[in-house]
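Record features (TrEMBL):
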type	residues	note
BINDING	S9, G10, A11, V12, R37, S38, S158, G159, P180, Q313	NADP(+) binding site
BINDING	R98	phosphate binding site
ACT_SITE	C128	active site, acyl-thioester intermediate
BINDING	Q155, R233	substrate binding site
ACT_SITE	H240	active site, proton acceptor
Amino acid sequence: MKVAIVGASGAVGQEFLRVLDERNFPLDELVLFGSKRSAGTKYTFRGKQIEVKLLQHNDDFKGVDIAFTSAGAGTSKEFAETITKHGAVMIDNSSAFRMDADIPLVVPEVNAADAKDRPRGIIANPNCTTIQMVVALKAIEQLSHIKTVHVSTYQAASGAGAAAMDELYEQYRQVLAGEPVTVEKFAYQLAFNLIPQIDVFMENGYTKEEMKMFNETRKIMHSDVKVSATCVRVPALRSHSESIWVETERPISVEEAREAFAKGDGLVLMDNPEKKEYPMPLFLAGKDPVYVGRIRKDLSNENGLTFWIVGDQIKKGAALNAVQIAEYLIKEKAL
Ligand code: 2RA
C-alpha cells in the first residue's frame, strides 16, 4: 500500500502523519507533497525521514493507492486529475468537491458505504463542524427523524490553520506584554475576543461556513433536515464545540437520547452535571471521539432536545475522518 499526503506541512497534513502512525495504518510507503514553501522539508515517520516533494503536474502519483489531500480547494481542483489519473483514490479535505453530485461526502459513522461509489476517484471529507455534528445527529436520527437543527458553533483557532494557532498564542503574549497585537489570520484580534464570522458572507446573510453546515448535513445524512447555524471563532486552540438544538418527529426523552449517545458510533457520553462533568475543548484536544453532554429537553418545544458537543477539529474534524474512510475501503476491499 502506497499512501501520499498532499499538504504535508499544514496542521492537517501533520496530523495525518500522527494518525496514520497511531492507528497502525497498513502502508508500505508514504510519500509527502507540498508547495514550494514546504518542498525539501523532512519529517520523520515510523523512524524514517521523508522529504516533502514539490507537487507538480507529472507522474509522481503512479503507484499511489490513496492520496490524502489537504492543501486548500484551489490546489485540490488544480491537481485532482494529476493525482487520480493512475488510479489513486483521492480523499480530499478541502471544500472543492463536497457538493458535487458525483463525489461522495463521507463520515464513516454515518454513510460509510457512499465511499464505494466514486466515479471520479475522489471522496470528499466534510467540513469539520459538520463532521462532528452528524456523528451526534446520527444517534438521534435512529430514534426519530430530525426535522430541524439550530446550532451555534464555538470554533477553535485550529480551523484557520497552523499559522492561525501560532497567531493566537502570540496575540495573548502581546496583550499581556502590552505590545501592539498582530492580526493577520483572523479578521480581528481573537485573544480575549469572539468573532461571529467564519469564511465569507453569502447573499442570504449567512456565512459560507454556516451554509456548509446546512448543505453538507443533508448530503451526508441523505436527509431533508434544515440546519440553521451561527458559526463563531473562539480563542480555544484546537477543539470545536457546538451547542445543538434538534426538533424530531416524535418527542425524545433525555434518557432515550442519553442511551443513544452512549452507544453511538464515535461518540462518548460525558454528561454528569452534578459532578460538573461536560465536554470542554481544553481537555479534549487530541482525542478521537466526539463528546456529548448537557443533554436537556427543550423548554419551548415538546419535540425539541438540546445538547453540547466537543470534537478535536484537526483529528475527527479532518485527518482522522479521512483515515477512517481509507480504513473502511481497505476493510471492504473497495479501494
Ligand atoms: C474553520 N471550518 O474552523 C473551518 C476549517 N475547515 O475555520
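The backbone N, Cα and C atoms fix where each Cβ goes, and this holds for glycine too.
No curator has checked TrEMBL annotations; they are predicted automatically.
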Worksheet item: Here are the recorded positions: A11, C128. Which has the lowest count of other Cβ atoms within 10 Å?
Response: A11
Discussion item. Counting Cβ atoms within 10 Å of each candidate's own Cβ, which of the binding-site residues S9, Q155 comes out highest?
Written reply: Q155
Discussion item. So if I draw a 10 Å sphere around the Cβ of R98 (phosphate binding site), how many other Cβ atoms end up inside it?
Written reply: 22
Item to complete: Measure from the CA atom of C128 (active site, acyl-thioester intermediate) to the CA atom of A11 (NADP(+) binding site) and give the result in Å, rounded to a whole number.
Response: 13
Item to complete: Give the residue from the binding-site residues R37, R233 that has the most other Cβ atoms within 10 Å of its Cβ, counting over every protein chain displayed.
Response: R233
Fill in: Alpha-carbon spacing, R98 (phosphate binding site) to C128 (active site, acyl-thioester intermediate), which is rounded to whole Å
12
Worksheet, complete the sentence: Among recorded positions S9, C128, Q155, S158, P180, close to ligand 1 by Cβ (under 6 Å) are C128, Q155
Response to the item:
Listed in sequence order, the residues of the same chain lying six or more positions from the residue listed as 'active site, proton acceptor' whose CB sits under 8 Å from its CB are C128, T129, Q132, T153, Y154, Q155, A156, G159, P281, V310, G311, Q313, G317
Worksheet, complete the sentence: Around the Cβ of P180 (NADP(+) binding site), other Cβ atoms within 10 Å, all chains included, total 8
Worksheet item: Which chain-mates of S158 (NADP(+) binding site) that are at least 6 residues away have a CB under 8 A from its CB, listed by sequence?
Response: A11, A164, M165, L237, R238, S239, Q313, I314
